[in-house]
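Feature annotations, courtesy of TrEMBL:
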- 7-407: domain 'Enolpyruvate transferase' (DOMAIN)
- 22, 23: phosphoenolpyruvate binding site (BINDING)
- 92, 121, 122, 123, 124, 125, 307, 329: UDP-N-acetyl-alpha-D-glucosamine binding site (BINDING)
- 116: 2-(S-cysteinyl)pyruvic acid O-phosphothioketal (MOD_RES)
- 116: active site, proton donor (ACT_SITE)
Ligand code: EPZ
């Protein structure tokens with residue numbers, strides 16, 4: 001059984017580099033299906049979700065290779081148009097391949113992605129955007145059967161009911177294969193969508209507006225391969241800053257765009273941390289007990305990121321004062337709360353609201369991760385707790401953090417991993 005053994009109470013000191021963003025690599029790997037050539041993507045972390053995406057690409061007939069943090073995808077020949085049930089279950093966000101497969105091959109077969117640990121994960125916005133482009137999608141037998149009755153996808157004006165990250169990305173990828181121009185309004189504005197646009201333009205696509213609420217795609221026919229370096233993972237950065245806030249000390253993060261983290265660093269500064277930002281780095285120092293802060297409401301970018309809610313909550317669980325969290329993005333994103341309470345935290349949850357009353361100290365405990373960011377939150381809390389914690393469920397953490405224990409050890413944490421390394425699929 002994989003587990004982290006963490007001896008808490010040691011402040012963190014030093015400098016760490018933030019690896020490439022999982023939520024940028026995944027849609028970019030899907031985008032390589034549109035490219036009738038070879039794409040080269042740098043700064044790709046080795047994560048189980050990335051390995052799942054590479055397995056999908058190979059299933060589609062692409063040739064993939066990894067050399068260090070560079071992934072090469074040769075999609076000159078795409079022989080398949082389905083994502084097998086095993087891989088859909090491995091990673092529900094595999095739905096991001098739908099638009100690209102349909103645009104490249106004219107058909108797509110995907111099993112319906114189930115919910116996940118965060119609650120139901122509907123894809124109605126993905127499907128309605130792709131239907132608006134001229135696709136026919138039949139949902140039967142727990143699978144999606146997609147085709148293009150008119151032979152070609154047609155550009156259109158499409159307003160997303162919600163600024164969904166995945167639906168924005170799926171619509172962009174599908175629109176690359178459409179005739180004419182597509183204007184997506186109420187688009188999500190996450191930095192990962194800007195990164196996807198940068199890759200698509202490097203591959204010859206005509207995509208503009210990413211990062212704003214209006215993204216415009218002009219179909220240009222097939223794309224050639226593109227080369228791109230993935231942006232740093234702002235949620236990994238938020239997690240490491242939360243770890244320093246929890247354990248105390250002073251940590252400098254390199255390869256971090258502070259502008260993409262401003263809602264998180266503002267909260268940690270209000271809680272009493274000293275935060276300094278440079279063009280590509282952020283430094284956080286904490287030498288006083290954290291204080292409660294004004295209510296934290298998660299929201300689409302540039303609001304407070306839902307993915308940073310669990311690690312920031314874990315840091316604020318120890319200290320003085322009270323903080324109210326309102327989780328507006330997902331129904332079930334407080335699964336780390338019960339585990340934090342096992343460590344002595346005083347947190348009450350009422351629906352989407354969590355009231356965190358800071359306690360003077362947390363104590364180590366036997367813990368189990370139930371989802372990706374909730375698991376990271378338990379690491380954050382254990383680093384600031386007194387005594388030993390044993391954390392299982394690392395398969396969740398391995399989805400989004402590359403060698404988290406090595407990074408934390410390099411900063412002085414007493415953390416070891418028992419059992420094997422990252423599991424192959
Ligand atoms: C992306 O998920 C991220 N995943 C999530 O990160 C992140 O939490 C989320 O965006 C919000 O920022 C990837 O990029 C792979 P959404 P996504 O569509 O695209 C509802 C992590 O920890 N919705 O923006 O699935 C949905 O239920 C993961 O790295 C519909 O109703 O998120 C949610 O309430 C977790 N219908 C809201 O929109 C749809 O068709 C926002 O979801 C799609 C979404």
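Keep in mind that glycine also has a Cβ here, set from the backbone N, Cα and C atoms.
Those TrEMBL annotations? Automatic predictions, nothing curated.
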**Fill in**
residue 23 (phosphoenolpyruvate binding site) sits from residue 92 (UDP-N-acetyl-alpha-D-glucosamine binding site) (Cα to Cα, rounded, in Å) at a distance of 13
**Request:** Enumerate same-chain residues with a sequence separation of six or more from residue 123 (UDP-N-acetyl-alpha-D-glucosamine binding site) and a Cβ-Cβ distance below 8 A; give 'none' if the list is empty.
**Result:** 95, 112, 113, 166, 167
**Item:** Count of other CB atoms lying within 10 Å of the CB belonging to residue 92 (UDP-N-acetyl-alpha-D-glucosamine binding site)
**Value:** 18
**Fill in**
Here the binding-site residues are 22, 121; the one whose Cβ sees the most other Cβ atoms within 10 Å is 22
**Prompt:** For residue 23 (phosphoenolpyruvate binding site), which residues of its chain lie six or more apart in sequence with Cβ-Cβ distance below 8 Å?
**Reply:** 165, 190, 192, 233, 235
**Fill in**
Taking every pair from 92, 121, 122, 123, 124, 125, 307, 329, which the record gives as binding UDP-N-acetyl-alpha-D-glucosamine, the longest CA to CA distance in angstrom is 22
**Prompt:** What is the interatomic distance between the Cα atoms of residue 22 (phosphoenolpyruvate binding site) and residue 329 (UDP-N-acetyl-alpha-D-glucosamine binding site), given in whole Å?
**Reply:** 19
**Complete:** If you tally other C-beta atoms within 10 angstroms for each of the binding-site residues 124, 307, the top scorer is 307
**Item:** Where residue 123 (UDP-N-acetyl-alpha-D-glucosamine binding site) sits in the secondary structure, as DSSP reduces it to three classes
**Value:** coil
**Request:** Identify which of the following binding-site residues, namely 92, 122, 329, place a Cβ less than 6 Å away from any atom of ligand 1, and list them by sequence position.
**Result:** 122, 329
